[in-house]
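Q: Below you will find the structure I want to go over with you.
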Amino acid sequence: MDDLFPLIFPSEPAQASGPYVEIIEQPKQRGMRFRYKCEGRSAGSIPGERSTDTTKTHPTIKINGYTGPGTVRISLVTKDPPHRPHPHELVGKDCRDGFYEAELCPDRCIHSFQNLGIQCVKKRDLEQAISQRIQTNNNPFQVPIEEQRGDYDLNAVRLCFQVTVRDPSGRPLRLTPVLSHPIFDNRAPNTAELKICRVNRNSGSCLGGDEIFLLCDKVQKEDIEVYFTGPGWEARGSFSQADVHRQVAIVFRTPPYADPSLQAPVRVSMQLRRPSDRELSEPMEFQYLPDTDDRHRIEEKRKRTYETFKSIMKKSPFNGPTEPRPPPRRIAVPSRGPTSVPKPAPQPYAFSTSLSTINFDEFSPMVLPPGQISNQALALAPSSAPVLAQTMVPSSAMVPSLAQPPAPVPVLAPGPPQSLSAPVPKSTQAGEGTLSEALLHLQFDADEDLGALLGNNTDPGVFTDLASVDNSEFQQLLNQGVAMSHSTAEPMLMEYPEAITRLVTGSQRPPDPAPATLGTSGLPNGLSGDEDFSSIADMDFSALLSQISS
């Protein structure tokens, strides 16, 4: 950058006969931000140009040809000649009225200046700051007052070092002022430091045209370009001002390389460049690749993925011989096969309105072994038997029927128990059913009195006297059952259940461990124990009903 400065402002004045000032450590030109006074914080410290994150340096001068007492004043002037006093101020230790002034150490000739910061002023306070420079005689190059009015570049300043020493006679001797390199405000995009932060890819085809997204610090879209340089070759990326996003991102296409028939990868430098001051950023490496059909680098990505997978498998603790695992245990899941037949849904039994519609020819007698008759009868007997009457007294009407000899009950020969097989009745017409099923579906409330239910009804349309009930049809049904029993000489259905037969014959059943709830008479059926009926056919129902009504 030294070739950009005029030779009339040398940093080392040609004075062979006397002392002179030399800047041995220039201030860092970019990367520092000027602070406003209203920010209420320190303006920082001006670093040296060789300053790093680990090694800090500061602006340093050397007084050649002199050792002894003296003073130094450091002030801010404009970047371009004539070097007028700048409205910005130096702040820090030993600073006043916008400049720094201190005594030099007489024992050394090299002096470093730390804790110097630059504080900027607002545009509305510009005239006031210039007037203050004139009043304090802060004008190193004695620029006339009328020339101090005008525009100022508020984004760039220079440090001016003014040193005063003693001559051999002890009188003050002012040495020639020395100017530093320009210092730019990092906040201004037209003077800020150029820096490439990140790119989405750092390689492309030698034919060019690859789209690249570049992130950077603040730039001006009309004063920025992407610069490619290589051995004997330079080019610029292709983009427009619309491709600069909010001054921090640039989308451009790579230029073609000088040799389109490239056979091996070539590395070049990629930089940001500001045409106004020819400022360049730190270079970033970019690689041009030979032109192939695989423009999207599928094979390269596949190879990289495969190598990564292999390295992971080598480091895996599960990589190695393992014992064979037993076959997985199968869990039995119930399933309905195609040959399985679903069970038919139970159908409600429809009873006929009259007993005369029942066909007794369809019924077959129920045969049980002698030892199982009482048990089966007890199992079929309900727990709560209906109470027929509160008091059961035999009347004279029932004496003839009781005097008749009981019908013989067929006894089977002892043998192995036979399983009950209910024959499937043939349905003759709708509404027909077996008498046994009809009797099983009859339900009575054990807590209600049948006589009370019949006697308490005041409806004239209902039977008021049980003697008026016509039981001739039911008597004919019973006689038909007796005739069938004598003709076939086989036990008939009407001889059961066995509980009624036991009551008729007067046989006593051994007591059960948990007897059922008894009726009023002390027996499950509400009958006395001395009543003997060998069959339900021998019972005189007319006398029984008249007994209940009385």
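Any Cβ shown, glycine's included, is placed from N, Cα and C.
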Q: Please find, within the list 4-12, 247-255, 535-543, the residue stretch that Swiss-Prot describes as motif '9aaTAD'.
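A: The range carrying the motif '9aaTAD' annotation in Swiss-Prot is 535-543.
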Q: Among the residue ranges 57-60, 273-276, 301-304, 485-488, I'd like the one that Swiss-Prot describes as motif 'Nuclear localization signal'.
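A: Spelled out, Swiss-Prot records motif 'Nuclear localization signal' over residues 301-304, not the other listed ranges.
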Q: Could you tell me how many residues in the motif 'Nuclear localization signal' (301-304) are helical, how many are strand and how many are coil under DSSP?
A: 4 helix, 0 strand, 0 coil
Q: DSSP on Lys122 (SUMO3 cross-link), three-state: which is it?
A: coil
Q: Whole-number Å distance between the CA of Ser281 (phosphoserine) and the CA of Cys38 (S-nitrosocysteine)?
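A: With the alpha carbons as reference points, the distance is 32 Å.
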Q: At 10 angstroms around each C-beta, which of the recorded sites Lys37, Lys122, Lys123 has the fewest other C-beta atoms nearby?
A: Lys123
Q: Pick out which of the modified residues Ser276, Ser281, Ser311 has the most other Cβ atoms within 10 Å of its own Cβ.
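A: By the 10 Å Cβ neighbour count, Ser281 comes out on top.
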